[in-house]
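If you check TrEMBL, you get these features:
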| type | residues | note |
| --- | --- | --- |
| ACT_SITE | E58 | active site, proton acceptor |
| BINDING | G88, G89, S90, T91, Q92 | ATP binding site |
Amino acid sequence: MDTSDLKWENMYELKSSIFNIKITGKPPPLRKVYKVFKDSPFHVTGESSVSIMDGLDEGIFAWVTVNFLIGKFNHGVESLVGALDLGGGSTQITFYPKSEDTIANSPKDFTQKAKVFDQEYKLYTHR
């Protein structure tokens, strides 16, 4: 992908290129992506700050986004909702389990802690 004429109004093209590479299984040109962000108003700390997110992280970010946008973090854990992310190349569902047993009996790579507004949540993500 030639990034020399990439305009901010064409960021969809960059996203689509990365998505297509992810779907085809070909290694992504992360150095080129890093260069685009480095030459942009976005702050990147180094080449390692550009990567392809795995399904667990995608699910957690979707869960945080949904609960933040609908104001659930202000009303206690019983008001939290799950998030279903139906992507083009992957699908994940993430939720805050009502029972600690769900976390305890889940495969370790299906659970992760997320800290939001100084509150830690033990989340389950099926991907």
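Including glycine, each Cβ sits where the backbone N, Cα and C put it.
Quantities reported herein were computed from a predicted structural model and do not represent experimental measurements.
Its Cβ taken as reference, S90 (ATP binding site) is surrounded by 15 other Cβ atoms within 10 Å in the chains shown. Rounded to a whole value, the Cα-Cα separation of Q92 (ATP binding site) and E58 (active site, proton acceptor) is 8 Å.
By neighbour count, meaning other C-beta atoms within 10 Å, the densest spot among the binding-site residues T91, Q92 is Q92. Excluding the listed site residues G88, G89, S90, T91, Q92, the same chain places G55, E58, D85, L86, G87, R127 with Cβ atoms within 8 Å of the centre of the ATP site Cβ atoms.
Long-range C-beta contacts of E58 (active site, proton acceptor), restricted to its own chain and to partners at least six residues apart, with a cutoff below 8 Å, comprise D85, G87, S90, Q92, R127.
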